[in-house]
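K.L.:
Straight from TrEMBL, here's the annotation block:
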type: SIGNAL; residues: 1-31; note: signal peptide
type: TRANSMEM; residues: 41-71; note: transmembrane segment
type: TRANSMEM; residues: 83-104; note: transmembrane segment
type: TRANSMEM; residues: 110-140; note: transmembrane segment
type: TRANSMEM; residues: 221-241; note: transmembrane segment
type: TRANSMEM; residues: 261-286; note: transmembrane segment
type: TRANSMEM; residues: 326-346; note: transmembrane segment
type: TRANSMEM; residues: 366-383; note: transmembrane segment
type: TRANSMEM; residues: 430-454; note: transmembrane segment
type: TRANSMEM; residues: 466-496; note: transmembrane segment
type: TRANSMEM; residues: 548-567; note: transmembrane segment
Amino acid sequence: MAPTCLRPLLRYRSFAILFLTPLLLLPLPVAVPTPEAKCAYIIIIMAVYWCTEVIPLAVTSLMPVVFFPLLGVQSSKSVCLQYLNDTNMLFVGGLIVAISVEQWNLHKRIALRVLLILGVKPALLMLGFMIVTAFLSMWISNTATTAMMVPIVQAVLDQMDNTEYDVTMMEQATGQTNTVIELEEKNASDPTSVHVISNGQVPDDPRSSEEKKMRKRICKGMTLCVCYAASIGGTATLTGTGPNMVLKGQMNQLYPNNNDIVNFASWFGFAFPNMILMLVLAWLWLQCSFMGLNFKKSWGCGTERTAKEKAAYNVLKAEMKKLGPISYAEFNVLLMFVLLVLLWFSRHPGFVKGWATRLFPEGEKYITDSAPAVFIALLLFILPANKPKFIGWNPSLSDPEQTEEDIKKPFLSAPLLDWNVVQRKMPWSIVLLLGGGFALADASANSGLSAWLGHQMTPLGSIPPWAIATVLSLIIAVFTECTSNVATATLFLPVFSSMAASVKIHPLYVMLPGTLSASFAFMLPVATPPNAIVFSYGHIRVLDMVRSGIVMNIIGVFCVTLAINTWGRPMFELDTFPTWANSTTNQCQAP
């Protein structure tokens, strides 16, 4: 409880932050009337608003459109161009494809099929939930993945509990029958035996309380594994989560001649192995903390399924049966999804010429990952959801009435995707948030703020790069627990870029770990929507999430540090300071 004198202040907290922050910071642009100071003034105000969420994140993101032109930092035209640039169009195209996958329940079919293949032993069931959640989270939003998976987990756990209760009741009933028979046989011979046996009938068995505790632990582990896997899975693809898109956009803005170093294929090559490593370590950690590493019990190699496992399998089977056979629409969406992934990977693989260069003159220069994303999105609004019917021209060969009805019907049915569905499900707030972040990065580079920050960080050059990357990852992992992961990446990545330029290390050496660490929101229910969804089911307390989340953050930072210092080095040539980064720095310092 807050002290009595502070309660009125808490009541006006939002009002005070909203109006006092700009007033208290006003001496900065007044005393130092330079473009750098004015740009810093707006960025600090936005950082405070983003961290405290006194107004919606997306609304804060619109501030550059008003205040950069008013303060003379940048023209309205330059600022507004950042809100729907190439990176944002890539994000929108990817989200439209993800919405079509959700619309036709394709993600649920994939999830259930994988779970049925992997099996329902406790360890395998958890692993199955994590693999499915991580895979789906690579392509559709973390929130949608978690919202779909948690009810499946809940149904499986409920059925397992009900089955265990039924088995226990049957065992007790059998025990009571046997006791009655024993009592009749020993009626006269041993009077004390009646008392002993009657006491034995009391269902206060120490094992039952132990089993209840174990069931609670399994529930906690099974639900936590979903939100953790959703956050981990989103890091594997460029469109998987917001911070990845922030990095892509800011790299293009701050280093326009970077030779498309961060594209879908290069990101996947770096981040996917890191995701696999994190997923395995997270699974082992959750096994240790909630189920114990009893391999015989957890894996059940060579043993028959228990009643609980059969019940869980039947639930998954019943859910799969409800979906029915794969429909024409689902097949088309799957085809479009696979085609998009292939187009992304083969556009500019790096080791060979991609389709963009081979099929189109100067395609590598003009075509980016946003082109195939929007192309597939367009097809989803054209391709029919039902199979087109070809009707013969001779009406005498069939029923005339039926033929007349068929002729009236359009050849193509309703498309796979309807704009109203996209409008309802599209997270427009994230699109604006990304745009606001790109506007900040562009303004800080053009105003000279980035160059000034870089100059202040020159003393960091004496510290080894791997140590800088590790410390920055830890800072981001802690900061992202309290604020939006996209806002965290937006605020920190331009600073990391300036620091890299000042100490002459590859920008991606610090920007990549920072981006991945922005997704490591494992400790608090409010840190990310997947955590909040899992917490709302009531199986876990905040303390449970904090205890598990601290170790998960350590695992995440360890994996990122390992990745950037092993396969990340040759992949992005991190041991050299690139010429494109040097030329950009010189341009910024020129004014």
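Backbone N, Cα and C define each Cβ position, glycine as well.
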K.L.:
Would the transmembrane segment (110-140) and the transmembrane segment (261-286) count as touching if the test is at least 3 Cβ pairs under 8 Å, pairs 6 or more apart?
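P.N.:
Answer yes: the transmembrane segment (110-140) meets the transmembrane segment (261-286) with 3 or more Cβ pairs below 8 Å.
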K.L.:
Considering pairs 6 or more residues apart, do the transmembrane segment (366-383) and the transmembrane segment (548-567) have at least three CB pairs under 8 Å?
P.N.:
no
K.L.:
Which sequence positions outside the transmembrane segment (261-286), separated from its termini by at least 6 residues, show Cβ-Cβ distances below 8 Å to it?
P.N.:
126-127, 130-131, 134, 138, 221, 224-225, 228-229, 232-233, 235-239, 244, 247-248, 251, 344-345, 347-350, 368-369, 508, 512, 516, 548, 551-552, 555-556, 559-560, 562-563, 567-568, 571-572
K.L.:
Where, among 83-104, 221-241, 326-346, 548-567, do we find the most CB pairs under 8 A to the transmembrane segment (466-496)?
P.N.:
548-567
K.L.:
Check the transmembrane segment (41-71) against each of 83-104, 221-241, 326-346, 430-454, 548-567 and return whichever range has the most CB pairs under 8 Å.
P.N.:
430-454
K.L.:
Considering only Cβ pairs under 8 Å, which range in 83-104, 221-241, 430-454, 548-567 makes the most contacts with the transmembrane segment (326-346)?
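P.N.:
Between the candidates 83-104, 221-241, 430-454, 548-567, the best contact partner of the transmembrane segment (326-346) is 83-104.
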K.L.:
Mind checking which residues of the chain, 6+ beyond the ends of the transmembrane segment (221-241), have their Cβ under 8 Å from one of its Cβ atoms?
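P.N.:
Residues 90-91, 94-95, 125-126, 129-131, 133-139, 142-143, 145-146, 149-150, 153-154, 156-157, 248, 262-264, 267-268, 271-272, 274-275, 278-279, 282-283, 286-287, 289-291, 369, 373, 485, 516, 519-522, 528, 530-531, 533-534, 537, 539-540, 544-545, 548, 552, 556.
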